[in-house]
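Colleague: Take a look at the following structure, please.
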Amino acid sequence: MSGNESTIATGSRWGRVWGIVSVAAVALTLLAVAFVWPSAEGEADGISVAVTGQPEAVEGFVKAAEGGLGEVVDIVVVDDRDAAVTGIEQRKFIGALVLGEEPEVLTASANGQVPAAFMTEMASQVQINASEQMYAGVIGQLQEALASGEGDPATMLNQLPESLPAVQVTDVVPYSEGDPNGVGLTTAGIPLTVGTLLASILIAFTVAGRWQRISAVLGLGVGGGLILTLVLGTWLQVYPGSFGLVWAALSLSLTATSALFVGLHGLLGRAGLGIAAAVTLFAAMPWAAFAVPYQFLPAGLGHIGQWLIPGATTTLTRTVSYFPDTTASTSWWALAIWAAGGLILALLARQKRPSETAASPATTVRH
C-alpha cells in the first residue's frame, strides 16, 4: 500500500470514529431532552378541584379564583362533601375544598406528589384567607363600636376566640403502609419497562419457532405478571389493589411489550428491535407520566403517552391499586391493542429470524 493510500485509509477510519461519536452525542442529547423537557415545561391541563360548603363562602371563593387559580385548574362546585369524596375516588378531582366555619381540604396523595403538593398549598392559602376574614370582621366590629360609642372595645377583644380556625387536611386516598410516600409506585415503571425489554430481546434471540416465540411471550406475560404481583403487590404493597386486577394489568403490559419486540424482530430482524426500543424507551417513557398525572405534561404529550405501553401501564396500575372506582378503559384498550398487534406480527413473521435466513456458506463435498 502506497503512502497516499495509507493516509486515505487512516483518514477514513478516523472520519468514521468522529461520525459515530457525533451521532451518539446527538442521540444522547435528544434522549435527555425527551426525558427532561416534559417535566420542566409541564403545566396543568384538564385538572379539576371540587368546591362545596356554605353558599356564600363558595360563591366568594369562585369569584376570587376567576383571575388566578381558575386559570390553572377547573373549579367545579359540587353538592356536598360526599360528592367531593366520590369525585376524588373516581379521579375526577385531584382534591376538594369544603368551605364553612370549619374549613377542610380533601386530598389524594395516591395521585402523586405534584397534585398533593398543589392541594397542600391550597390548604395554606385557605388558612390565610380564613384568618384574614376573621381579623377583618373583628376590626369592622371595633370600628363600628368606636364610631357609635356603643360597646366596650376591651370587652369585645376579650370575647375573641383564643385560636384561629384551623384548616383540616384529610387524605381521602393515601398510599399503602408498605409504600407510604409512593416512591415504589413512582419508580416501578422504569425497571418494569427496561426489564421487560431485556426479557423480550432474550426471547427474540433464543427462541426460533413462530409458535414457540408466541408461547414464550404469553408465558412471560402470565408468569411474569404473577411473580410481579406477588412481589410488588402482596409483599411490598407497591400495588395494593385487587390481586386479580393487578395481575391482569401487569400481565397485559408484559405481553404487550414482549409481543412488540418479538413481532418486529421476527419481521425486520435487528432493525425491528431498534424500532421497538425507540417506541418504548425514546418516545413512550418520557411521556408515561410516572410521577405526575399525564395532564401535567406539555403540548398534549401526556394524552399521547396514554396510548403507549409505559403510559398506559402507569395509569392502569395506579388506578387498579388505589382508584378502583375509576374507569380505566382507555388503558386496558391501549395495552390490549399493542399486545394483539405484536402477536399478529409474531404470527406473520417467517419461521426463522432474518439473521438465521441469511445465506450460509456452501458445503464442499469431497469425492
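Cβ from N, Cα, C; glycine included.
For reference, TrEMBL lists these features for the protein:
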TRANSMEM  17-37  transmembrane segment
TRANSMEM  183-205  transmembrane segment
TRANSMEM  217-238  transmembrane segment
TRANSMEM  244-264  transmembrane segment
TRANSMEM  271-292  transmembrane segment
TRANSMEM  331-349  transmembrane segment
Colleague: Looking only at the recorded stretches 183-205, 244-264, 271-292, 331-349, which one has the largest tally of CB-CB distances under 8 Å to the transmembrane segment (17-37)?
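Modeller: It is 271-292, which has the most Cβ pairs under 8 Å.
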Colleague: Restricting to the same chain and to residues at least six past its boundaries, which positions have a Cβ under 8 Å from a Cβ of the transmembrane segment (331-349)?
Modeller: 210, 213-214, 217, 221, 249, 252-253, 255-267, 306-309, 311-313, 315-316, 319
